[in-house]
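J.: I am attaching a structure below and will ask some questions about it afterwards.
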Amino acid sequence: MVDTEVRSRSALRRAGVLTAAALAAGGLVAAGPAAALPSAAPPGASVNAGRPAPPSPATSTGTGGAVSSVDAEASRIGLEVLRKGGNAADAAVATAAALGVTEPYSAGIGGGGYFVYFDAASGEVTTIDGRETAPAAMESDAFIDPATGAPYPFFDAVYSGLSVGVPGTLATWESALDEFGTESLKEMLKPSILLATRGFEVDETFRAQTEANQARFEQFPATAELFLPGGELPVVGSTFRNPDLAKTLREIALRGTDAFYEGAIADEIADLVQDPITTDDATLPAYPGAMTADDLADYATLLQDPTHVEYRGLDVYGMAPSSSGGTTVGESLNILENFEPSADDPGQALHLYLESTAHAFADRNAYVGDPAFVDVPTETLLSQEFADARACEIDPDAASVKPVAPGALDATGCAAAAAAMPEGAEGPSTTHLSVVDRWGNAVAYTLTIEQTGGSGMTVPGRGFLLNNELTDFSFVPNPDDPNIVEPGKRPRSSMSPTIVLDDGEVRYVVGSPGGSTIITTVVQILLNRIDLGMTMPEAVAAPRATQRNTAAVLAEADFISEYADDLAPYGHVINPTGEIGAAAAIEVDADGLMTAAAEPERRGGGTGLVLEPAD
Ligand code: GLU
């Protein structure tokens, strides 16, 4: 059984975490409001003053601490926290806050996520479930159009108040610092207040993401004002400032998370969700949601045990439900444990990889939802016996017909259960960061606002987008589906922040965005590294394919050109797709040498930094 403890914000207050006295005692407000905090600057994008950007390598090797993320500014901010003596949890919060500034379409205080922490001193791995929740008044048929009885079109639901879950990100940062950190939230927000104030350089990725959202953003006036200043796309090379976000973060830094979950900001979020503000000529239906200020005040993170499997003698820890990441990565690895994939036969290795994730996805779709509402067989899904029964359905020489049926939970031999449960739609956005500190503590943290651009709705004057996480629920209220909408429920996630230990010491920290492809990306990186002999940077950069129990494998163009011939004898249907994921990983070798490995190319390339680079 997975142990779960609710970290309500009132419990933290009782523990003194949120009181003004505690803030002052920690030196947070003693100097007076805003005294030590950066102040506002003009909004929007302007021509860059030409400040040369410091180097932002995708991979670095060395000692003293490491940070890996998709963004150079965010990785540098995390590294600076480590340099000044902060631990991995501190640096992860500071890095995440920075991603909320520079990756506002993927992360930020309007969303949620999952935080996995390894404490080197105790040897324990703990997780924080900071997933968004459905409002208390949301009903199971919320995504069904009463006029037709059919589900709303997916993207009409995305860009609406209906899709917005109660945000968990800020509460996650608070819980992480309270449980594992050494620094205050105020200190960890400071670099991001500065970053939002001074601005960051617009790159191709930011412009392209804005462009892809332009038609929707134009229909929400507050979003257009912030992200399409003067009605135009931000220009590559210009500086993008977000003084509204700086002001919001400053308020939170001074007053704690109450500034967000109670009072004016909470009221404004609830008002916007209930009554989305669109332009007069908007074509989006922008359905209203049911969120109230009470839903925000009641939000609580969950502190819970990680998932755990052993793979090739290593201990693999991940996120238990409400994410399906830990159970599905774990089951895939347990299935692969039955075989010996090797670089000598890449076709066979990749065939086994594709079959392992297809079978694990059949079980994910049938059995995993929010365990507060559904009886999730987490222990069985993670057991080697169950995986062995699944593995015996895999033909080492031929692809199975998809979709495969889920496994019977009491099976000991080769046996499938009922028909496959279809998978709901999940957006390909999100961001992941990995941190290891000088003491060997580690964080894998994946955070999101769901689609790139979330719900498309910016809280007016507050500088951040609201998520559309509730579209991760299944829209059709089929009682056999563990992932239907229920009031207060967390939608099933695929986020898979993963920490791998070797004999009690951190060895790999891995995660990625990519909707449900997150799971296959994490499995493929671990397979590449552990079984196929790639280095971690090679494992991250290698071309990807994803099989999620669908008729066809989807694969990047490079995967097809490199491996289609090897895979041909096995009979998989392989269709091309664009980039899969944008991973950020760290490896620590047995001598303590750290390799921070971000993407060299995907999503414009990430940044992996170490504190003391090796020569
Ligand atoms: N909403 C997705 C999930 O929770 C994440 C979105 C993404 O990675 O693109 O799994």
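Positions of Cβ are set from backbone N, Cα and C atoms, glycine also.
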J.: Can you pick which of Gly100, Gly108, Gly161, Gly515 TrEMBL lists for the same L-glutamate site as Arg131, Asp472, Ser493, Ser494?
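T.: For L-glutamate, TrEMBL names Arg131, Asp472, Ser493, Ser494; of Gly100, Gly108, Gly161, Gly515, the listed one is Gly515.
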J.: If you measure every Cα to Cα distance among Arg131, Asp472, Ser493, Ser494, Gly515, the residues said to bind L-glutamate, what is the biggest one in Å?
T.: 14
J.: Enter the number of other CB atoms within 10 angstroms of the CB of Arg131 (L-glutamate binding site).
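T.: Taking all protein chains shown, Arg131 (L-glutamate binding site) has 31 Cβ neighbours within 10 Å.
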J.: Tally every other Cβ atom lying within 10 Å of the Cβ atom of Ser493 (L-glutamate binding site).
T.: 31
J.: Where Ser493 (L-glutamate binding site) and Thr430 (active site, nucleophile) are concerned, what is their Cα separation in Å, rounded?
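T.: Approximately 11 Å lies between the Cα of Ser493 (L-glutamate binding site) and that of Thr430 (active site, nucleophile).
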J.: Run through Arg131, Ser494, Gly515 for me and report the binding-site residues whose CA is within 10 Å of the CA of Thr430 (active site, nucleophile), in sequence order.
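T.: Checking each Cα against Thr430 (active site, nucleophile), the hits are Gly515.
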J.: Among all protein chains shown, how many Cβ atoms are found within 10 Å of the Cβ of Gly515 (L-glutamate binding site), not counting that one?
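T.: Looking across every protein chain shown, the total is 23.
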